[in-house]
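Enquirer: Swiss-Prot lists these features:
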type     : residues : note
TRANSMEM : 18-38    : transmembrane segment
TRANSMEM : 75-95    : transmembrane segment
TRANSMEM : 117-137  : transmembrane segment
TRANSMEM : 162-182  : transmembrane segment
TRANSMEM : 195-215  : transmembrane segment
TRANSMEM : 231-251  : transmembrane segment
TRANSMEM : 287-307  : transmembrane segment
TRANSMEM : 319-339  : transmembrane segment
TRANSMEM : 386-406  : transmembrane segment
TRANSMEM : 412-432  : transmembrane segment
Amino acid sequence: MTTLRQFFLITELRQKLFYTFALLTACRVGVFIPVPGINGELAVAYFKQLLGSGQNLFQLADIFSGGAFAQMTVIALGVVPYISASIIVQLFLVFMPALQREMRESSDQGKRRIGRLTRLFTVALAVIQSLLFAKFALRMNLTIPGIVLPTLLSSKLFGVPWIFYITTVVVMTTGTLLLMWIGEQISDKGIGNGISLIIALGILSSFPSVLGSIVNKLNLGSQDSSDLGLISILILALVFVFVLITTILIIEGVRKIPVQYARRVIGRREVPGGGSYLPLKVNYAGVIPVIFASSLLMFPATIGQFIASESSWMKRIAALLAPGSLVYSICYVLLIIFFTYFWTATQFHPEQIASEMKKNNAFIPGIRQGKPTQHYLEYTMNRVTLLGALFLAAIAILPSLLGCLLRVDSNVSYFLGGTAMLIVVGVVLDTMKQVDAFLLMRRYDSVLKTDRTKGRH
């Protein structure tokens, strides 16, 4: 209640939240603007046929894009190219020590260089994906004539409808770049991580369809396995609560390392030592590993689906990487564990912490300062990270288990248990932390201003 009251009282916070809300609303507008020359209603009908035949990959892609994928709108690619580009750049950083040094010495300049690289890769990946998307739309048009307007198919160059290809590539790439820009603006001038908020908004927008699926299949007295009976509803509710509580515990959980301070001289006074603790987060990476792993698996699988009819080996790869398959689940778990460790290694710097502790005469009881402290922090963080990574992976594969156990629609299992819930809860918690941090800074500023005023008098 206090935070809510301060929201209405603090003008700057109110402006940030309204700015964020306005940009996120603009994102949703793009869901209803189809790519020129494509009939969105017929496209949705085609995708429903695919979902009926078990093509769960498109269901996952549609959830991530907030319904834009199935309607073939201008933002159908979503932020997946941007996330894939971020993964590529972060992996490149491991082999670019010069850029890593620049990041440490001048973080602003290093971030600008990384931002430019990420944008370049985003454009390249968006162009590739939109080309494949256009090719897939032409294949859809053979099944349901009218998905692509005939006027765009009349002009051909070497047998290729070049006007349709150029239009689709330009429009869809622009849509992805617009989402990327909106995400960056929210991160800079609004509240929360912009890209994560866009993904979370897309997931939340699927809630009405999830609720509709549950209501349509709800039959408490039925013995039919295709209906949702009382036991199935109870299991879904328990899984939802379990995922919610477990996600909060994983993201908020910390391992407290005891820290002691020796006697220090501040000015002319000798300050006695005291005790404190160093919090090491159980899941330092948050929901980043889940977003990265989902996007990375979605990229090759989507390409495989788009060109599967022309290549038998690509068709096999697409089938193997379909959400819910054994290979997909194994790759998903391994990627989540890998990205959890990878992101933690890039963001957590034990050598800096050990150096700062030594400067401030702080030490961990039983551990010498300097290198021994650094090694101890690395060892402890590795053990804690393993626990967090395994929990993330276990929750992320819940949709597959739910789908097999309860035979519910894939959109229901994805939303109520697993990846979608992890992302939404993680993004909400992160945004709340940023609001609290902003309020804390405001409180400190007001205290400092009061002290300065008293000093003048």
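Cβ from N, Cα, C; glycine included.
In the displayed structure, how are the listed features positioned relative to their neighbours?
Expert: Here the transmembrane segment (117-137) has long-range neighbours at 38, 43, 72, 76-77, 80-82, 84-86, 88-89, 92, 147-148, 164-165, 168-169, 171-173, 176-177, 180, 299, 302-303, 305-307, meaning same-chain residues at least 6 beyond its ends whose C-beta is under 8 angstroms from one of its own.
Listed as Cβ neighbours of the transmembrane segment (162-182) (distance under 8 Å, sequence separation of 6 or more from its ends, same chain) are residues 23-24, 26-27, 30, 35-38, 73-79, 81-82, 119, 122-123, 126-127, 129-131, 133-134, 137-138, 148, 152-153, 155-156, 194-195, 198.
Counting same-chain residues at least six beyond the ends of the transmembrane segment (195-215), those with a Cβ under 8 angstroms from any Cβ of the stretch are 20, 24, 27-28, 31, 62-68, 78-79, 82-83, 179-180, 182-183, 186-187, 228, 233, 236, 287, 291, 408-409, 411-412, 415-416, 420, 423-424, 426-428, 430-431.
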Enquirer: Looking only at residues six or more beyond either end of the transmembrane segment (75-95), which have a C-beta under 8 A from one in the stretch?
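Expert: For the transmembrane segment (75-95), the nonlocal Cβ contacts are 27, 30-31, 33, 35, 61, 64-66, 68-69, 103, 114, 117-122, 124-126, 129-130, 133, 172, 175-176, 178-180, 183, 195, 198-199, 202, 291-292, 295-296, 298-299, 342-343, 346.
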